[in-house]
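Peer 1: Have a look at the structure that comes next, please.
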Amino acid sequence: MNISETDSRFAFVREFILLGFSCEWKIQSLLFSLFLTIYALTLTGNGAIICALWCDQRLHIPMYIFLGSFSFLEIWYVSSTVPKMLVTFLSHKKIISFVGCFLQFYFFFSLGTTECLLLAVMAFDRYLAICRPLHYPNIMTGHLCTKLVLICWVCGFLWFLIPIVLISQMPFCGPNIIDHVVCDPGPLFALACVSAPKTQLLCYSLSSIVILGNFLFILGSYTLVLTAVLRMPSATGRQKAFSTCGSHLAVVSPFYGSLMVMYVSPGLRHSAGMQKVATLFYAMVTPLFNPFIYSFRNKEIKAALRKLLGNFNIM
C-alpha cells in the first residue's frame, strides 16, 4: 500500500464502531439495567461519602481529605466510560466518533493514572501516621495534603498525553470495529494501517511505570506499616491500625491486580472477552465497592453518614 492510498483511505475514517457486548437484545437489555444500577449506586455511594466528609468538621483532616478526593475521583472515573456503554447497549449502530474515542481514551487513562498516584499518596499518609506518629501533624499539614492531591491530578492528566496524541495521529485505514467496551490502546494499535512500535513501546512503558512503580511503593509502605503495627504494645492500637490499613489494601489489591493483567503484560495475548471483563472490573466494580469498603470499616464515616441522613440507623 502506498502513501497516497493510505491517506485516501484515512480520510474516510471519521468514526469507530465500539462493539461492546455482541449478544441478543434481551441480554443487552439486562446488561443495560445492571450497568445502570451499578452506575447509580457508585455515584450515590461516593457522593454520600463526599457530602458526609464535607459536613462533618471533625473529619477535615488529611486522611479523610484524601478519602474525599478519592471518592470525587471515582465519580469522574466511572463517568468517563459507563454513560457511553449505556448508550451503546441501546444503539444498533454502536458508533463513537474519532474525536469522542480519543477523548474517552484520554480521560479514562488520565483518571486511572490519577487514581494510581492517589492510592500511593494515601499509603504514604498511613505510613507517616503509624510509623511517625509524633512527626505526623507537622509533616502532613493541610497545605501539604492539598498540594499532594493537586500533584496527583496534574501528573495524572499529563502522563499519557504524548502517547495519546501520537496514537491519534496514526492513519486508520479500516476496519474500524473496536471489539472492546472502551477505546483502549490495544485495539487501536491493531486497527492502525501502519505499525508504530516506538509509540506502542512508549504507551506500554508508561503504563508499566505508573502501575508497577506505585504498586511497589504501596507494598513497601505497608511492609513498614506492618512491621510498626506488630511492635505496638496495645492490642487496641494494633486493631485500629489494621482496620484503617485493611480498607486501603482491600481497594488497592483488586484495582492493581486487574490493571496488571491488562497493561503490564503486553506480550500476553488476552482474548477480547477477557479484556472486556478485566476492564469492567477496574472501571466499574472497584468504584462501586470502594465507598462500601471504607464506610463499613470506619466508625467515623458511618457516624458522619448517619448524621447526614438525619440520624436514621441504616448502617
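Keep in mind that glycine also has a Cβ here, set from the backbone N, Cα and C atoms.
Heads up, here are the entries from TrEMBL:
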DOMAIN    45-294  domain 'G-protein coupled receptors family 1 profile'
TRANSMEM  30-54  transmembrane segment
TRANSMEM  61-79  transmembrane segment
TRANSMEM  95-124  transmembrane segment
TRANSMEM  144-166  transmembrane segment
TRANSMEM  209-230  transmembrane segment
TRANSMEM  242-265  transmembrane segment
TRANSMEM  277-296  transmembrane segment
Peer 1: With contact taken as 3 or more Cβ pairs under 8 angstroms (pairs 6 or more apart in sequence), are the transmembrane segment (277-296) and the transmembrane segment (61-79) in contact?
Peer 2: yes
Peer 1: Counting Cβ pairs under 8 Å that sit 6 or more residues apart, are there three or more between the transmembrane segment (144-166) and the transmembrane segment (61-79)?
Peer 2: yes
Peer 1: What parts of the chain pack near the transmembrane segment (61-79), using Cβ distances under 8 Å and only residues at least 6 beyond its ends?
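Peer 2: For the transmembrane segment (61-79), the list is 39, 42-43, 46-47, 49-50, 53-54, 107-108, 111-112, 114-115, 118-119, 121-122, 125-126, 129, 140-142, 144-146, 149, 152, 244, 283-284, 287-288, 290-291, 294, 300-301.
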Peer 1: Restricting attention to the domain 'G-protein coupled receptors family 1 profile' (45-294), give the mean pLDDT.
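Peer 2: Its mean pLDDT is 86.
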